[in-house]
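Colleague: Just passing along the structure, written as structure tokens.
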Amino acid sequence: MLGFLKHPVVVTADINLNVVALTAMGLLSRLWQLSYPRAVVFDEVYYGQYISFYMKRIFFLDGSGPPFGHMLLALGGYLGGFDGNFLWNRIGAEYSSNVPVWSLRLLPALTGALSVPMAYQILSELGFSHCAAMGAALLMLIENALITQSRLMLLESVLIFFNLLAVLSYLKFSNSQKQRPFSPSWWFWLTLTGVACSCAVGVKYVGVFTYLLVLAVAGVHAWHLIGDRSLSNVSVLCHLLARAAALLVVPAAMYLLFFYVHLSLVYRSGPHDQIMSSAFQASLEGGLARITQGQPLEVAYGSQVTLKNVFGKPVPCWLHSHQSTYPMIYENGRGSSHQQQVTCYPFKDVNNWWIVKDPGRHQLVVSNPPRPVRHGDVVQLVHGMTTRFLNTHDVAAPLSPHSQEVSCYVDYNVSMPSQNLWRLDIVNRDSDAGVWKTILSEVRLVHVNTSAVLKLSGAHLPDWGFRQLEVVGEKLSRGYHESTVWNVEEHRYGKSQEQEEREVELHSPTQMDVHRNLSFLARFLELQWRMLTAKSDGSEHKYSSSPLDWVTLDTSIAYWLHPRTSAQIHLLGNVVIWASASLATAVYTLLFFWYLLRRRRKICDLPEDSWLRWVLAGALCAGGWAVNYVPFFLMEKTLFLYHYLPALTFQILLLPVVLQHISDHLCRTQLLRSLFSALLVAWYSCACHVFNTLRPLTYGDKSLSPSELKALRWKDSWDILIRKYQ
């Protein structure tokens, strides 16, 4: 029974020393003097703020991408003992002693280093030679821009790592499919493909391009699988279900998990709260939650409320009025009703309070028991501080002449009667008898006489309106929009019928001792929508560039400059590698269509296995470049050179593929192959020379003289000379 103890337990393993050596070189190139410079470098000023928010559990919103990448950076800060106390206010600021710079930059450096051996493995899995695989890895190793980006607290190297991991995992799965389908390794690589794809999307939204590419290749392979008559219907169904679960369900679940962890970590109120809805704000600890907790849930006749516009653009604001009236005559000569102004005010103010009144009764307090207001009820809104009724009529609004003016009615004893009845339309009601609820209900106020809807136009009134936002009555026929939707944010049951006592009541706080939370799914959907619709800053930046500038390397970015010496860090690409990669992409495209046309004529220049390998390599490498590059032409946002790095990575993988193809299939004599090999050696020597030349600007560890800097300025667009001696 215990006979197995008579023999030693032996474990054998195949270790690819090439991968080990490439990993070691990658780590050396990325980790060497990683904590230098001890200063904020370029976009570290933004990512550092988010890390501090994580350390202090403060909610934030970044419209540039999902939170997974930020959490990974924050993990480095947490492991390094960072307490979040650093003011990320400017590029170049020296890090204080409590900031673990090495730890914060470690994860991007590790992912950048591991991308080097991963390039080797991808070419190997595609079936290309050891020399081609080594070539791809060595090019990744000495590409200056990739090194610079991976040595800082930035996310491009993390995105590239997960892009490559998704491609590598799928190739390993595809090769397992040919040998042992449904084996443990088959399941592992298929599942890892889905996980890597979800991580790529979780780091930055542009990761979805690589995800779609992998899905497209998997879809083509699944289509061929369906046509395989050697497989039974049950077997085909199992294959399709396994792929759907791993490549669709797993990424979706992972994506939700990222946000679940994110929202669990940032549960405190912060500076980005006002972008979110009142319900979301009330779910955060502190801030609005301290004001709204314990408020009555159901709005009743006599309730005192503040009404916040759901749209929140151009800024979050509340329905507001004050003693001032509209001018008799506007600057353009149009007349007004001269009624009391109604605006939307972007600050908390006592003049934001309104009383919900029953038109059939005079009382302005809540009865006992309270009578809740329901969908379809007609109400009056009384301004708390002036006791005037919310009103609209057929008078043009001051800045939106096609809409009606909204005011608080002043009786001038002229032929303009008040029109102050409003019908409540609860947009997100469960039934037609739904009750108007604090924070949760989104309502429209429809004017009974004119059918106009209370709307935030978003225009800023002139000085006579104190630069507050215009509120108008918009006809229902113009359609639904969030700017016509409001929700009750602060709410109390009114107790004082007399005006003086009521004014004291309106000035008092509304705090109580009950807490209300949104579900995770509701918070996820709102946060996702806010992130996707957040407008990026479209202003031009000193180092912004267009996608056309990237291919020709006609741009650069000055990342950091030493305050006392001329040592500096720039995002500069290796000119030889960038130009060669672009040329390889053009050559591949021409050769692919040439072979495709000849195959149509029944002329097969390549054996079938070589042709399939050539097509798959192009789909993943040339396709990876295209899907990560072309969409930027359609984006209305400020773009920088680093946006091209994921696309460049796929181009670098394609370069050795094209070179091996030329050597194996186009150089038909030994002499041509020898000459081609000599050219490759010379070419790679040039690439190494450029890497070494730009190395001081990649690592920033050497002070350069003016003449040395001028020697590096091979293009006027490379803004290297930023010192006083320009």
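The backbone N, Cα and C atoms fix where each Cβ goes, and this holds for glycine too.
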Colleague: For the record in TrEMBL, which of the ranges 36-57, 58-79, 432-453 is the transmembrane segment one?
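Modeller: Of the candidate stretches, TrEMBL labels 58-79 as transmembrane segment.
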Colleague: Taking DSSP states H, G and I as helix and E and B as strand, how many residues of the domain 'MIR' (370-427) are helix, strand and coil?
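Modeller: Output for the domain 'MIR' (370-427) reads 0 helix, 26 strand, 32 coil.
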Colleague: For the domain 'MIR' (296-359), what are the DSSP-based totals of helix, strand and coil residues?
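Modeller: So the counts come to 3 helix, 30 strand, 31 coil.
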Colleague: By Cβ distance under 8 Å, which residues at least 6 away from the ends of the transmembrane segment (153-173) in the same chain are close to it?
Modeller: 41-44, 47-48, 51, 65, 69, 72-73, 104-105, 107-109, 111-112, 114-115, 118-119, 121-122, 125-126, 146, 185-186, 189-190, 192-193, 196-197, 199-200, 203-204, 206-207, 210-211, 214, 217-218, 620, 624, 628, 642, 645-646, 649-650
Colleague: Applying the under-8 angstroms CB criterion, which one of 15-32, 240-261, 640-659, 671-692 scores highest with the transmembrane segment (209-228)?
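Modeller: Most Cβ pairs under 8 Å with the transmembrane segment (209-228) come from 240-261.
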Colleague: List the helix, strand and coil residue totals of the domain 'MIR' (434-491) as derived from DSSP.
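Modeller: Per-class counts: 9 helix, 29 strand, 20 coil.
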Colleague: Ranking 58-79, 575-597, 671-692 by Cβ pairs under 8 Å to the transmembrane segment (611-634), which is first?
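Modeller: When the Cβ pairs under 8 Å are tallied, 575-597 comes out ahead.
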Colleague: Between the transmembrane segment (575-597) and the transmembrane segment (671-692), do 3 or more CB pairs sit under 8 angstroms, pairs being 6 or more residues apart?
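Modeller: Yes, the stretches contact each other.
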Colleague: Taking 15-32, 58-79, 240-261, 575-597 as candidates, which has the most Cβ pairs under 8 Å with the transmembrane segment (640-659)?
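Modeller: It is 575-597 that shares the most Cβ pairs under 8 Å with the transmembrane segment (640-659).
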Colleague: Mean pLDDT, the domain 'MIR' (296-359)?
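Modeller: Taking every residue of the domain 'MIR' (296-359) together, the mean pLDDT is 90.
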